[in-house]
Every structure is written in C-alpha cells, then in structure tokens.
Amino acid sequence: MKNKLPPFIEIYRALIATPSISATEEALDQSNADLITLLADWFKDLGFNVEVQPVPGTRNKFNMLASCGQGAGGLLLAGHTDTVPFDDGRWTRDPFTLTEHDGKLYGLGTADMKGFFAFILDALRDVDVTKLKKPLYILATADEETSMAGARYFAETTALRPDCAIIGEPTSLQPVRAHKGHISNAIRIQGQSGHSSDPARGVNAIELMHDAIGHILQLRDNLKERYHYDAFTVPYPTLNLGHIHGGDASNRICACCELHMDIRPLPGMTLNELNGLLNDALAPVSERWPGRLTVDELHPPIPGYECPPNHQLVEVVEKLLGAKTEVVNYCTEAPFIQTLCPTLVLGPGSINQAHQPDEYLETRFIKPTRELITQVIHHFCWH
C-alpha cells in the first residue's frame, strides 16, 4: 500500500545508509542484496511485480526489475545500485548518513546515483499504476562502477522491448543522447632475461615495447584523422598510454614489460573494429617477435552509445525541459540498455560530484526531478 511508503527524505536516508560499494578489490567489494531488498519491498508496496535476478560472475550481486501494466512497449526507468569506494580521510561527514546542509544532501550515492530511486518512488505516490495503458518498468542494476555486469546481463537475457528508457545518472537534468565508449587493454611483452654485459644473449622487453609504442602512437594519429563526431568537445577517438612497467634492475636485460592503455571510441565504432585496428597496428612487432606480444582486456569493454536525435523520446524530453540534448565523454550503462530500446541519460545532481569526497545533491533538483518523472510516465504510459 502507498501509505506504507516512507516520506521522500526517509527513503533517501535509508538508501544512503545501506552500503553497496562495488570494487575490483575483493576486500572493498560489497553485495547489494540489502539495497535490492529495500527497493523490492517499496515497489511491491506500490503494486509492482518484482523480479530479483542474481548476476553471474559477481560477488553476490543482484538486479531488480519492478514492472506494472500490461502489453508491449512502455517506459523503462533505470539506474545502478552500487557506489564507488570512499576515502574516509577526505570525507568530513559520515558517507552513510544523509546530511542536509545549506541546500545540499550529502552522502555516498546521493548524486551517483541511489538518490534517483528515491525520486522515482516519491513520484509514484501520485500515480495510479492500475490505470497505466502501457507498462512501466524500474530497473536497478549491479556493478556499474566496475564491470557493468548487471546491465550487460539484463540486456543479454531480457525479452523486454520498451518504447524507450531513461537512465537517471547525474546530468544536472540536462538530457544526454550520446557518449563515447571505453576500451582498456594491457600490452604485455615477454623478453628473455640475461646479464646486461652481453645483450645478445637476451631479448630486451623494454626495447620491444618501445617499438610497439611507436606503432600504437601511429594508431592514435590515424584514429584522430579518420573518425570525427563534431558534437563532442573532443571530436575524435582518444588513445591514452596510462601506465608502464618493465624490468627490475639496471644490470639485467628486461624480461617483461607491460603497458596499460585505453581507447575511447565514438558512437558507431564497433568493438571488433577497434580490436582489429589495434591488432593490425601491433602486427609488425608480433611478426618480428612471434609469441612475445599479447593483448588482454583490463576491463570488459564498453561501446559508444547514441540515441537517434529525431526519436520521439528526444523530442518529448527536450520539450518538457526546454533544453536540447547533449553528448558527453564519460560512460554509462546506456550502450547496453540501448540494445533494447532508444535510451536517454537524464537525472538529478551533477556529474562533477560523482566519485568525490563529501558527495552531494543540491535540493533545488528535488521539485523539477519529481515533476519530470511524473510527466514522462504520463506521456509514455498513459497516452
């Protein structure tokens, strides 16, 4: 029953008080089971059917899908339940206690992005879900901050095909219809160690990596020349050399060298295409030194994403907000949800607060976010 639903600020407080950190380090990683249970109970109270989905390959993580209404199409509102870890020494407040001060709500996940679920639940108080003409779906995912395993698995396994979706990441209520992807690789070269007094008796992995880097930088230049998307502030795919390590002593021939790099592809560039370009760039080194060079993923790749600019979802949201859609350089779960239906990224709070000490959401977002959620539900589920 709706009268069982706590007040908005108490929903928010309970979400922030329930830790759900995702991290690659097992010691920091936490299950989101308790948070999923909270959300599931609240949506059941509102009359939704709720399905909780274990996410394979994770440390006890779950997705939740709440659904109401019959038929095809409808609207999907989506967000992730996890947060990044926090640096205790840099926070001046308890990250798990919602604190309101000077027009701001402080806490880990206030902006990115547990708060979005509080806004959805609050908006649904005034919606008679029994009268929906099209279905409404609420998706809460796991592990967005690390592998995006929750969104990947949901997109791979669901039969749902809504008319459209909105992911409530913090965009300051500015609608986002496209972003770049992210590919992160480790280039590893295995040499042959030996005493530095006789270089010919070994294979110096640093020297081979020097050769490989030259080819990678040529790929970077080629990407910049061949691919363009003028709407982005950086209108071409970027390639960054982020970390390198090799050798262990000045008097030893380096036996191993490893380089970590990333590429941020434009929408429309496929992951297979990029892998092919990287392999082609490194082919001269591999051919000269067979079996010594390998390329491995550091993280599961994320493709670029774009919602068609003339789609009804874009037109409706631009009209409701009086603002044009934008493109951004950071990544979200949108590429995976977009495989199901046209998708926008749109939510309260600023991306500048994401992953920051003393994360906060400004209270000025409360009223317009509630109104926006109500309006899009009315438009896509009642018309």
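Glycine too: its Cβ is placed from the backbone N, Cα and C atoms.
For the Zn(2+) 1 site, Swiss-Prot records His80, Glu169, and the single candidate of Asp45, Asp102, Asp112, Asp198 listed with them is Asp112. According to Swiss-Prot, the residue from Glu145, Glu315, Glu318, Glu326 that belongs to the Zn(2+) 2 site alongside Asp112, His355 is Glu145.
Note: the CA-CA distance between Asp82 (active site) and Glu145 (Zn(2+) 2 binding site) rounds to 7 Å. Of all the recorded positions listed here (Asp82, Asp112, Glu144, Glu145, Glu169), the one with the fewest other CB atoms within 10 A of its own CB is Glu145. Most buried of the binding-site residues His80, His355, judged by other Cβ atoms within 10 Å, is His80.
Ranked by Cα separation from His355 (Zn(2+) 2 binding site), the recorded positions His80, Asp112, Glu144 are led by Asp112. A distance of 8 Å separates the Cα atom of His80 (Zn(2+) 1 binding site) from that of Glu145 (Zn(2+) 2 binding site).
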